[in-house]
Amino acid sequence: MNPNQKIITIGSVSLTIATVCSLMQIAILATTVTLHFKQHECDSPASNQVMPCEPIIIERNITEIVYLNNTTIEKEICPEVVEYRNWSKPQCQITGFAPFSKDNSIRLSAGGDIWVTREPYVSCDPGKCYQFALGQGTTLDNKHSNGTIHDRIPHRTLLMNELGVPFHLGTKQVCVAWSSSSCHDGKAWLHVCVTGDDRNATASFIYDGRLVDSIGSWSQNILRTQESECVCINGTCTVVMTDGSASGRADTRILFIKEGKIVHISPLSGSAQHIEECSCYPRYPDVRCICRDNWKGSNRPVIDINMEDYSIDSSYVCSGLVGDTPRNDDSSSNSNCRDPNNERGNPGVKGWAFDNGDDVWMGRTISKDSRSGYETFKVIGGWSTPNSKSQVNRQVIVDNNNWSGYSGIFSVEGKSCINRCFYVELIRGRPQETRVWWTSNSIVVFCGTSGTYGTGSWPDGANINFMPI
């Protein structure tokens, strides 16, 4: 082989080897890119629903940049799936209640700009709990606080803060309302906000920050709602509303709302005679409410709401240790599970209870005559046995030397069960404390516990003599 042939042969071999190497490099690059995208690939969305990506879980759309052999490849990672809540887990088994939160609003008002409020409540989204209240359009150390004992004025708004944050000047005013309810369906907040003339009020339905629907007064006599959280199951929320006499026959309706739009309205049925200010909780697949009979009974009405067919039933808590105020002494109070007991039915106070098998957990003022003190306990057979009075696990939340007020329930979903929590409104000022011209409140919050617990009292704690008049 002459020199030229040798050079040509060596060149051909080198070119072949270079070509093979280039093809291998391209194959490796293609394989790497394919594997990378498959690792983060989203399944095809069904019904325009966003599906989760694995193994990366994020809350917002971001762009991931991957560098491979100096080549930049951009691929959008799918957002985390957001689902409606269904509350299908069992109820937590508890031994009692433990302290959770206290906002000290009145004490702080002695030296700071804190809203005048009443009708507080608590509700949680899937990640965080919030406190709500109806503001009076003024701070406490402000001449506008004079006369805030009145319930319904056009300046009242629904306030919303993270639980434990008092209603300071930076607090968001969610809507215009002198009666309200709020709940989170897993995707967004629903607020039911009632305001307007006593004889022709309007309820606005605000979902995800937008007004979606409304309804006007149907009995022209103070349309009103729960003053605590509503409940949403699989995207449908339900709220109890009443229009009519506060001390006689009224027209109660149960509304079903989907993403802010009213989809159905059911009339009250069953044996309950008067319904106001219900405290509702999920009892999958349905919803149960414990309410206030402001007409005939000091035993509390129960509403069972079927979320599938919109049917309604009602009755009364069986416990002979009744939950409303005013009420008879425990030795003479009664309840037959079906009817109001006709014992000091008027006026009443918002309260709560929840079933635990055949038993019932409940809270009430310690005083049988006024809104002072607060206690909780379980009544054995209190959900199933008429006039049951066997009380266990009693706790004092506020001693009887201090004022309480409204109370209500809210539910918190844990890893394995749904816990029941409650708040107590701690009212200060008028009508009981006439040294000042205002009426406002703070709150204390407890949640169910399966552990042990001690004793104490958690009143508002403000010295009325330190407060602005």
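Every residue, even glycine, has its Cβ placed from backbone N, Cα and C.
From the candidate list D251, D324, D329, D330, the residue Swiss-Prot records in the Ca(2+) site shared with D293, G297 is D324.
Site annotation (Swiss-Prot, ligand substrate) includes R118, R152, E276, E277, R371; from R292, R300, R394, the additional listed residue is R292.
Between C417 and the candidates C53, C78, C92, C124, Swiss-Prot records the disulphide bond with C92. Taking only the Cα positions, the spacing between Y406 (active site, nucleophile) and D151 (active site, proton donor/acceptor) is 14 angstrom. Counting other C-beta atoms within 10 Å of each candidate's C-beta, the active-site residues D151, Y406 are led by Y406. Following the DSSP three-state reduction, the secondary structure of D151 (active site, proton donor/acceptor) is coil.
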